[in-house]
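Note sheet for the following structure.
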Amino acid sequence: MSTDLLDRTVAEIAEEMAQRTDRGEVANYIPELARVDPQGFGLVVIDADGHVAAGGDADLPFSIQSISKVFTLTLALGKAGDRVWRRVGREPSGTAFNSIVQLERERGIPRNPFINAGAIAVTDLILSGHQPREALGEILRFMQFLAADSAITIDEAVAASEQRTGFRNAALANYMKSFGVLDNPVDYTLGVYFHHCAIAMSCRQLAMAGRFLAHNGRNPSTGHNVVSAQRARRINALMLTCGHYDGSGEFAYRVGLPGKSGVGGGVLAVAPGKASIAVWSPGLDASGNSHLGRIALEALTKRLGWSIFGV
């Protein structure tokens, strides 16, 4: 594919999204996110050769929220391997991202690492043997390394906002603790969790960080192997089946790519062998996924023939 076609397609989609009035609703249960301008939109595609096609607010940082769960899972698998799956499953939940219902039925084992309970369990594993500040520093440095950008930071105002209002997450963590799923003090685990969800990145930085997932675990520009090809495929499989809460099936149906959303309005998507894609629009749909983000990605895969299920 020519870079001219990619640039033109991204620019056209960004222009189309800017003109739409159906933008969804910003997350209002996290006070800092409720203040975000709903008119924002950014899109970045980085192809296998490292060419960057950007449109809209491509360099405006936003709160990545649950997209961080892809990277904490990657770290945890590197530390503990398959022991991760003793704490968390690999099945779609079919329920809201902060639901406690399945934890009650399944003795505190979360369905997958991308719902809140699952990500808290994964965070607890990363924290084990470390102080919270050390674990959080490891996560942040990993993100900076993947994006090749040491300027990536944590938005402390967002983290504090989540800590003040994250009662449902506290309930999830305490419930898992009662079943012995968490090893560390709940307050420590939640502190690290809230802070890695509050990492702020632009679409450009996020697409760069996700490149290893599009290329069999390897960054094609640096040649660095982040994970094995098999592990990259398995992370992508989980992103496809579980990456969008109870909207994962709809995303797979319409977009046809592995992806992970966050309530900050971002989506990281992977076109295996082709590109890493990041889109941001803060208005959400009923499942907590970016409304225009999904529409933009559907348009992108249709026009470029990138769905993993065929043209």
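If you go along the chain as it appears here, the first residue is 1 and each next one adds 1.
Each residue, glycine too, has its Cβ placed from N, Cα and C.
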Among Val84, Val227, Val263 - the residue Swiss-Prot places in the same substrate site as Ser66, Asn116, Glu162, Asn169, Tyr193, Tyr245: Val263
Cβ atoms near Asn116 (substrate binding site) (within 10 Å, other residues, all chains): 23
Pairwise Cα distance maximum in Å, substrate-binding residues per record: Ser66, Asn116, Glu162, Asn169, Tyr193, Tyr245, Val263: 19
Where Val263 (substrate binding site) sits in the secondary structure, as DSSP reduces it to three classes: coil
